[in-house]
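Everything below concerns the one structure shown next.
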Amino acid sequence: MAANACTLSLAILPAMKPTHRNLGKSEKGRKDAELRSSIEFGNNVCDHEDMKLKISVDPEAADAAPEKRASSDAPQSPFERVLDEVGGEGRYQILLLFAYLLPLSFYSPFGSSSLLLMMTTPDHSCRVPGRPSHVSEEEWRNMTIPWEDGADGKLRLSQCHMYNMTYSDALRPGPSYAIDTSAITRCQHGWDYDKSRWRETSVSFFNLVCDDASSVTTIFSLAVAGNALGTLILSILSDRIGRRPVFFLTVLINFSFGLLNMLVPTKELFAAARFLTCLAFFSFYQMSYIIVVELSSGHLRGLTAALSFVVGTVGVCCVTFVAWVLAHWRSFGIACHAPSIFFFLYWWYLPESPRWLLSMGRVEECVAIMKKVAATNGRALPSNLRELLEEAKADEKKTASMRDLLRHSSLRKHLVITSICIVIFCVVHSGIMLNLHNMAGSELVNFLVLSVVEVPGNVVGGVSAHYFGRRLTLGLTLTVTAVFAGLATTAITDRWLLVTFCGLAKVFVTAAVLVVYMQIGELFPTALRSLSYGTTSVAGLSATVFVPALVSVGATDRKLPYYILCGLCIFGAAVSTLLPETLGRPLPQTVLQANHIGQDESFWSITTHWTRRKYVPIGEATGKEARNGTPSVAAETGI
């Protein structure tokens with residue numbers, strides 16, 4: 001990624017000094033700390049009753065040298081100042097990114113995407129015993145299996161029916177069977193499966209076809225339910241006991257239940273083991289991402305998200321290669337889950353999130369991590385390190401829950417909007433994926449194509465969010481996705497053109513997913529960040545339950561699913577504009593700071609690389625501002 005964009009930054013002049021009326025010394029100090037914490041985080045609403053802020057455009061700031069912008073892109077909290085001193089994008093963060101997050105991002109799809117491939121349903125037909133030695137398998141199928149219309153409207157051999165067969169035990173010349181082509185019955189002796197692509201899948205092993213085909217849907221539903229439930233529970237748990245212990249818990253779940261899933265003898269145990277395995281899928285990546293993001297400066301966060309998404313896409317492509325080489329569901333599943341044991345090696349190196357430690361009041365542990373960061377980055381510790389961290393701790397609520405997300409108006413609005421966006425992304429993304437499975441070729445090729453198109457999507461999302469801001473990028477990518485979904489309705493009869501439009505739509509919806517994932521991390525405070533990721537993800541995962549029903553509507557009208565996807569994207573693009581811009585803002589530490597995000601912006605404001613704003617206290621406007629008559633907005637509040 002290039003250098004951080006010049007944003008609509010919110011810089012508070014250091015000359016701002018509050019006055020106090022009849023306050024004792026200690027009370028005055030406390031009020032000053034609260035005031036600094038509030039205004040340093042770029043809120044246009046000050047929580048001290050004697051202070052007012054106004055927002056104005058500083059033309060000189062916009063022309064500042066790029067190397068000077070980093071310090072003025074946004075006001076800083078005490079913790080952000082500490083991170084600046086010890087290095088927020090130095091060698092320590094680079095090592096954490098490349099030695100921890102990116103390897104984990106590469107591996108994560110091996111667990112989460114493996115089910116889709118190992119549950120492949122091979123082409124199959126009824127097994128009919130009694131084939132004479134001089135009759136080939138193909139000739140025997142043509143003799144014993146009736147023809148019927150397939151899902152694509154073309155004639156094919158039936159997968160679930162056979163002609164009625166009668167067998168004779170009489171020892172006489174000629175055939176010992178009779179084929180009654182006028183009577184068709186269900187498969188009586190099991191099935192024969194096509195083994196040209198897979199030697200065996202879980203579907204062929206448990207015979208989940210024909211009358212038992214609904215078990216495949218049940219297993220997928222249980223996997224989605226496990227993922228949603230685990231994400232919610234582990235997100236809440238990580239805000240209580242920490243990101244680090246929950247990460248290692250997800251490694252244990254993924255390793256133990258993942259291997260158990262490959263060894264069970266019945267479909268019921270397979271479904272139960274898969275449910276337990278999926279409890280950790282999203283949180284496995286989520287905890288890693290949060291730890292790195294909460295240890296990094298704002299300049300590195302966008303790069304972190306983009307790189308991890310791109311590397312994850314490469315991992316998905318490699319899953320396809322492993323499946324192609326092994327071609328057996330058990331060996332493929334073991335190869336996907338067994339390597340997770342190596343992530344226990346991080347036990348000796350992975351730090352806890354210092355932001356979370358501060359939210360729990362564990363300052364000494366935070367000091368130790370900051371010393372290690374400074375030493376690795378070759379930076380000197382600030383002389384007032386403990387004072388700054390104590391100040392940050394004083395601002396931090398020690399406990400937080402869903403009630404805090406719902407009690408504050410801005411947080412509640414941001415949670416609802418991001419949840420709506422995630423629901424739309426999951427439905428559109430899954431809907432496109434199911435339709436891509438109808439393209440010509442093997443399911444492995446389809447899966448690879450489905451994965452590869454995410455690479456340009458992540459690049460588009462990362463670069464655009466960096467230069468044009470999160471808000472504008474999100475709205476535009478959803479709009480373009482809607483356009484391609486709409487164009488798909490014009491290519492229903494042309495399979496490859498349909499695949500092209502669906503693939504392009506997936507490029508831009510992937511970009512949108514990346515951007516909103518950035519926004520969730522930047523809109524919610526430390527103590528609620530993991531819960532926010534979990535809540536929005538649970539909403540999205542739950543919505544995917546309805547995707548098969550959405551796609552099935554195409555049985556009567558093949559255009560209708562694409563019209564629905566197009567409408568959802570247009571709705572999402574409109575709703576996303578209600579989110580505030582977070583480009584260049586420091587991560588909020590407290591609920592109050594997070595609740596004030598966006599209150600300094602108008603609906604029509606746009607933050608890009610070429611624009612910026614600056615907070616200026618009332619009464620201290622610059623001379624140029626006074627001469628030019630720059631408009632300002634004032635706000636006042638008391639807490």
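Just so you know, the numbers here start at 1 and follow the chain as drawn.
Any Cβ shown, glycine's included, is placed from N, Cα and C.
Marked as transmembrane segment by TrEMBL: 92-110 (among others).
According to TrEMBL, the domain 'Major facilitator superfamily (MFS) profile' annotation covers 166-584.
The feature transmembrane segment is assigned by TrEMBL to 213-234 (among others).
Here TrEMBL flags 246-264 (among others) as transmembrane segment.
For 270-292 (among others), the entry in TrEMBL reads transmembrane segment. Beyond its flanks by at least six residues, the transmembrane segment (270-292) meets 93, 96-97, 100-101, 104-105, 108, 111-112, 115, 202, 206, 215, 218-219, 222-227, 229-231, 233-235, 238, 243-244, 246-247, 249-251, 253-254, 257-258, 260-261, 264, 304-305, 308, 312, 337, 350-353, 521, 529-530, 533-534, 537, 541 of its own chain at Cβ-Cβ distances under 8 Å.
Annotated transmembrane segment per TrEMBL: 304-326 (among others), in sequence order. Through the fold, the transmembrane segment (304-326) approaches residues 1, 97, 101-102, 105-110, 113-114, 117-118, 285, 289, 292-293, 296, 332, 335-336, 444, 447-448, 451-452, 454-455, 458-459, 461-463, 510, 514, 517-518, 521 of its own chain, all at least 6 residues removed from its boundaries and within a Cβ separation under 8 Å.
As annotated by TrEMBL, transmembrane segment applies to 332-350 (among others). Counting only same-chain residues 6+ beyond the ends of the transmembrane segment (332-350), those with a CB under 8 A from a CB of the stretch are 100, 104, 107, 110-111, 114, 117-118, 244, 247-248, 251, 254-255, 258-259, 261-262, 277, 291, 319, 322-323, 326.
Annotation source TrEMBL lists transmembrane segment at 415-432 (among others).
According to TrEMBL, the transmembrane segment annotation covers 472-492 (among others).
The transmembrane segment annotation in TrEMBL covers 498-518 (among others).
Annotation source TrEMBL lists transmembrane segment at 530-554 (among others).
According to TrEMBL, the feature transmembrane segment maps to 560-579 (among others). Within the chain, the transmembrane segment (560-579) has long-range Cβ neighbours (under 8 A, six or more residues past its boundaries) at 413-414, 417-418, 420-421, 424-425, 427-428, 431-432, 435, 470-471, 474-476, 478-479, 481-482, 485-486, 488-489, 505, 509, 512, 516, 519, 523, 550-551, 553-554, 598, 603.
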Folded-back contacts onto the transmembrane segment (498-518), same chain, C-beta under 8 angstroms, at least six residues removed: 301-302, 305-306, 309, 418, 421-422, 425, 428-429, 432-433, 435-436, 439, 449-450, 453-454, 456-458, 460-462, 464-465, 470, 473-474, 477-478, 480-481, 484-485, 487-488, 491-492, 565, 569, 572, 576, 582
Cβ contacts under 8 Å made by the transmembrane segment (415-432) with residues that lie 6+ beyond its boundaries: 405-406, 474, 478, 481, 485, 502, 505-506, 509-510, 512-513, 516, 519-520, 523-524, 532, 535-537, 539-541, 543-544, 546-547, 550-551, 561, 564-565, 568-569, 571-572, 575-576, 578-579
Distant-in-sequence neighbours of the transmembrane segment (92-110), which means Cβ under 8 A and at least six residues beyond its ends: 281, 284-285, 288-289, 291-292, 295-297, 300, 304, 307-309, 311-312, 314-316, 318-319, 322, 335-337, 339-340, 343, 346, 349-350, 372-373, 376-377
PLDDT averaged over the residues of the domain 'Major facilitator superfamily (MFS) profile' (166-584): 83
